[in-house]
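Database features, via TrEMBL:
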- 1-314: domain 'Major facilitator superfamily (MFS) profile' (DOMAIN)
- 12-32: transmembrane segment (TRANSMEM)
- 38-61: transmembrane segment (TRANSMEM)
- 123-146: transmembrane segment (TRANSMEM)
- 158-178: transmembrane segment (TRANSMEM)
- 190-210: transmembrane segment (TRANSMEM)
- 222-242: transmembrane segment (TRANSMEM)
- 263-283: transmembrane segment (TRANSMEM)
- 289-310: transmembrane segment (TRANSMEM)
Amino acid sequence: MAPAHLRGGLNMMFQLATTLGIFTANMVNYGTQNLKPWGWRLSLGLAAAPALLMTVGGLLLPETPNSLIERGRAEEGRRILERIRGTADVDAEFMDMSEASELANTIKNPFRNILEPRNRPQLVMAVCMPAFQILTGINSILFYAPVLFQTMGFGASASLYSSVITGAVLFLSTLISIATVDRLGRRKLLISGGIQMIVCQVIVAVILGVKFGTDKQLSRSYSIVVVVVICLFVMAFGWSWGPLGWTVPSEIFPLETRSAGQSITVAVNLFFTFVIAQAFLSMLCAFKFGIFLFFAAWITVMTVFVYVFLPETKGVPIEEMVLLWRKHWFWKKVMPDMPLEDGWGEGGGERADNKGH
């Protein structure tokens, strides 16, 4: 529903809301820690407030033009589109939506259709992007920040306070991504953020390995350095893989496979979230400081993956996204031969001549 030139930033509002929720939860945990013995009950019960807000908001949320058109309510969909765009001159966009809807209605099984070679690039991204997002190790740091900081020598209160700091950094860095993604593009943020995260993970691993060892206490000065570097890691994630791990999969699927593609993206994200959450403490005990090198290796893999296989999607209308894959040096070999639309991408810079890097 968002216009192409604003799509990245608007899609990231989901991640912004998520990071705000994480920060708020950390603040609640920090504020209720001394309310014994019922503080944890208050912390848990307050989760009902945003749940109620989402329920009420869902009742007031308007339908999207695409949804209305796909269900045969074309005129109502056009009125919503005109209201969103602020103009009655939406003929071309409405026609694109109608044609895409007609094609989508011919698809009886979108999950089977998404396995076809012509949808292979989108399917790979729907699986890899959310998997890589979790394999940065961010959830391990956010879920177990108090445990991590206590292990490094912080007290219980200090560890919760450090969690508040990381939550605030994550929220603020997401604002940076919203402000820059539609100017700098997705690839630049993903690659630069990946490099920064690799450096941070290696620095933390070296400090813990050299100064902490297997059974020693980390000095206060080095503990502060570790927290600062972890915050830099969280910052890099907040303006790169955090929001873009959702944004890129959401904008690459054609209408006929969009619901299936988004379902796969969410399922993969939740699966890897579960696996890492269950395995992290055991891995931390087994690997010790090596756990940070483990995640650094994965971030290296995903950064190379983006450089090689992900074309720049900035400013490309969703209806024309398939043409982007057909111009990519690798994916055009995978997709079946079909003629490109004449004139698309001529003189279009990133859209016209993009080999993924």
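Quick reminder: no glycine exception, Cβ is built from N, Cα and C everywhere.
Annotations in TrEMBL come from automatic prediction, not curation.
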Paired segments the transmembrane segment (190-210) and the transmembrane segment (289-310) in contact, 3+ CB pairs under 8 A: yes
The domain 'Major facilitator superfamily (MFS) profile' (1-314) [mean pLDDT, rounded to integer]: 86
